[in-house]
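S.K.: Not my notes, these are from TrEMBL:
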{"type": "TRANSMEM", "residues": "20-41", "note": "transmembrane segment"}
{"type": "TRANSMEM", "residues": "53-71", "note": "transmembrane segment"}
{"type": "BINDING", "residues": "65, 69", "note": "Cu cation binding site"}
{"type": "TRANSMEM", "residues": "83-109", "note": "transmembrane segment"}
{"type": "BINDING", "residues": "482, 498, 513, 517", "note": "ADP binding site"}
{"type": "DOMAIN", "residues": "580-697", "note": "domain 'Response regulatory'"}
{"type": "MOD_RES", "residues": "628", "note": "4-aspartylphosphate"}
């Protein structure tokens, strides 16, 4: 260990160098003491610096270094051992602090470097955030344009206005040089230039739809950039050497209506597209941005939606107009049909009345002639006249019944009747006709068939099975079988058509008009029953079957029935000598014929043709009055009321009977309303008149069925 030169004399040294060292140590110490002051000021002012304890270490290191240099000033001259100890202590402390600081810097430098890295990271994040904010602003701007365009597009449902508005708004929003829409033709093989932004009247230029560029756009739902030289991009001629701007194209789905229904959604076919082409200004460095392409795609979708709504509206309006036209046509046809039905009914009513009057004369006179002394040949002629007349009268009745059945004016009445008597009467009517043709007719009634029945036809539907009777009703099944020529099975459905006859019947002289079965079917349908015909074929006969629902008479309230058919008297009087009868009829022939019938039966007959004459002649001596209530210019109903006023007592009043050719139901109801005692339909034969007088004298009431 070196010995201190504190006592021994110093080596000789250059005094100038020593002076410089002395001065340098002084300023080094001064600088070392000022730097910690600056660090203390920095730490005090900085609130975010993370390494304060490192600065404290630096401060201590610098202070100790300064203290070492300051103590070193005293070592240039003779100094004591105390100064040497202080100098040694300061250097030891300086060595310790400097080593600790050096070691600490090894750990601090990576942190300091990471601070720089974080700074760069934050700068990058800030730049990325700026880009995202710019994108958000761009999206907001795009959304605003989309909302504006959507509002403009959907403000109308006219297809042409929608497309033109789309081009105008896109051109204004994106500052386009040209924008066009290519629509598919009717054949679907070409695209036609239909709408443009700048040209008022597109020339209708067409391109094939199978071009590669078109297929490329149609196969994608994105807006695609296409070549400015593409056929669909040549919307305007290029002038000079201008460079065309960038062009994009996007497909627009079109609604293809098929099987469109008013209350149903139409079918949407995605195979039909229009092509929208957009061009940026020429000779510009501008390019399409992503947000602009997105805007174009969204607008194309909105246009497709608007066009679909417009197409549905147009189709619904066409359907509505067509429906209105059909309704107008149907209403017109209905009115014409109603007018035709009314005209037909009026015509038939007039013809019925006008035809029954001469038929009355023919049948009445023929029946009178039949009861005189005739030769066999003459009697055959008279019988032929009567049969033909009755056939004609039946045909007239059939035509009128069919007419009323078809227009719904014929209504059924609920009435009590003798079921056995009905079948016997039908049998008695058919038997003479069958005997002439040398045919046998038999009637078989079931043992449990009720005698009295009520026609009860409410709430009945034709059963698909054989029905079962209940406590208040039963089902009547009637079969009419014959062993005649039979019917081909394929002809059976035609039999119930009016004026229809099978070939086998048409070739024979059957005398039928083809109305019988048609009327039967309509009557059964009106009674809500069921009728059908069965036959195994030609030569095997046939069977006609019908089922109707009837009520038990003992279970019905007959007092509530409006019309009750009276059972005819068991004994029919043949002559009525001295019976005073008054006949009023404006038709001279009919008046004379009726007088002849009554006179033949022994009656004392008086005839009149006017109301005044009738009121002047009628008296209590007249027991029966026959009057035509449908005479022109004469109100027969009012006349009946006046007779009731004149003869207030029933036994003094004659029996008032309407003898008319009008079979209208209102005629019967009006006769009953004014208190008349009966209604008899023309034509009338001697036998019918005899039965009528017998019934009237016995019951004082007789309303013939209409």
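From the backbone N, Cα and C atoms, a Cβ is placed for every residue, glycine too.
Annotations in TrEMBL come from automatic prediction, not curation.
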S.K.: Using a 10 angstroms cut-off on Cβ to Cβ distances, just flag whichever of 482, 628 is the loneliest among these recorded positions.
M.R.: 482
S.K.: Using DSSP, how many residues of the domain 'Response regulatory' (580-697) fall into helix, strand and coil, respectively?
M.R.: 52 helix, 24 strand, 42 coil
S.K.: Round to a whole number and give the Cα-to-Cα distance in Å for the pair residue 517 (ADP binding site) and residue 628 (4-aspartylphosphate).
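M.R.: Taking the Cα atoms only, residue 517 (ADP binding site) lies 33 Å from residue 628 (4-aspartylphosphate).
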S.K.: I'd like the number of other C-beta atoms within 10 A of the C-beta of residue 65 (Cu cation binding site), please.
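M.R.: For residue 65 (Cu cation binding site), the count of other Cβ atoms within 10 Å is 21.
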S.K.: About how far apart, in whole Å, are the alpha carbons (Cα) of the residue listed as '4-aspartylphosphate' and residue 482 (ADP binding site)?
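M.R.: The residue listed as '4-aspartylphosphate' and residue 482 (ADP binding site) have their Cα atoms 43 Å apart.
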S.K.: Measure from the CA atom of residue 65 (Cu cation binding site) to the CA atom of residue 482 (ADP binding site) and give the result in Å, rounded to a whole number.
M.R.: 151
